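Okay, so here's the structure we're looking at.
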Amino acid sequence: SDGRNVAAKAFHRIGRTIRDECCSNPACRVNNPHVCRRR
């Protein structure tokens, strides 16, 4: 489970970068509304 936790953290870090880039791109934001949803 430790390895899975490390992988999840790495994925989350990468995912946040992709999300930020996508959400700053109007076309990407329109095509991926679930990515840019803020709570």
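Every residue gets a Cβ built from N, Cα and C, even glycine.
These numbers come from a predicted model, not from an experiment.
Look at Swiss-Prot and you will find Cys22-Cys28 (among others) tagged as disulfide bond. There are 15 other Cβ atoms within 10 Å of the Cβ belonging to Cys22 (disulfide bond).
In the three-state DSSP assignment, the secondary structure recorded for Cys36 (disulfide bond) is coil. According to Swiss-Prot, the feature disulfide bond maps to Cys23-Cys36 (among others), an assignment based on a curator's inference.
Taken from Swiss-Prot, the feature 4-hydroxyproline applies to Pro33.
Among the recorded positions Cys23, Cys28, Pro33, Cys36, the residue whose Cβ has the fewest other Cβ atoms within 10 Å is Pro33.
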